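Sequence annotations record features per position, and here TrEMBL assigns Fe cation binding site to A:59, A:61, A:103, A:105. If you look up TrEMBL, you'll see A:13-121 marked as domain 'Pirin N-terminal'. What TrEMBL records for A:149-234 is domain 'Quercetin 2,3-dioxygenase C-terminal cupin'.
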């Protein structure tokens, strides 16, 4: 039977570190809420804004699939594998932390903030060789359609990760009615509203709301106000 | 009330050091590190731990061996996988494990 879970934007944990404002859907850093640990393999969904000239100093990760989706501004990434890259809206960054990686993420603009979604998934393989990739989707069409940005398959569209997950982005007009069919019917689906308003069944969702659906093979949605949506299809068990 | 003793096994020295530094920032926790399964078994025999975190470098077979050994010595001890490498998950992983709710 279909099950759903609603995470309204204003129920996310709000962390203000001065240089960083972070709205966290799931327990993170010093905040622990046993009711907000994960949605299947989706463990972290942080909506971060970093002040001009500030950033995350060098820190390690291991055994985690880490995806960054810039929304505004430019983020500079540097890591222990020798990668130095700028990431802008329209691009997606992915790291498989595997056996261990160090990295920094900085807003190189001294004046303007950078905002981005930081998303972590548990991997389906441990201790893999670390890897980094980023892809530019800015010229891909996602108007009133889903654009696949992530999959488990290196040969498929978008970046890939060590998990049976698929991510899609879409920009939808007011009044548009659409649907999403799961790639794997055993997965759950987590819809995150980047901008706008939509309705799924009886549930109305607004900006930065999250809505998880389990035990369903598809969902149908109606766009109430022009919307930018991120859909994350993730295993519930792995 | 005594400190919660936590054994961390990870074969990446810098990540192990980071995890231990973060754990030991909490005055209620005492973190001890091991860089290999052999070290972990040795340290485990000489100390009483409340929690073991199996971190980077521990494969599935080693995990089975360690869990079996740990629980036969101390059935009340909790043993979990640590993900992320001393990053934003460490605190809630430990809190959740100690609350007996960990389901990994």
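Positions of Cβ are set from backbone N, Cα and C atoms, glycine also.
Candidate binding-site residues: A:59, A:61, A:103. Fewest other C-beta atoms within 10 angstroms, A:59. Taken together, the residues of the domain 'Quercetin 2,3-dioxygenase C-terminal cupin' (A:149-234) have an average pLDDT of 98. Checking the binding-site residues A:59, A:61, A:103, A:105 against chain B with a Cβ-Cβ cut-off under 8 Å leaves A:59, A:61. Each residue in the domain 'Pirin N-terminal' (A:13-121) gets a DSSP state, and the totals come to 0 helix, 66 strand, 43 coil. Taking a C-beta cut-off of under 8 angstroms and a sequence separation of 6 or more, residue A:105 (Fe cation binding site) has the following same-chain neighbours: A:50, A:55, A:56, A:68, A:75, A:76, A:77. Across the domain 'Quercetin 2,3-dioxygenase C-terminal cupin' (A:149-234), DSSP helix (H, G, I), strand (E, B) and coil residues number 0 helix, 56 strand, 30 coil.
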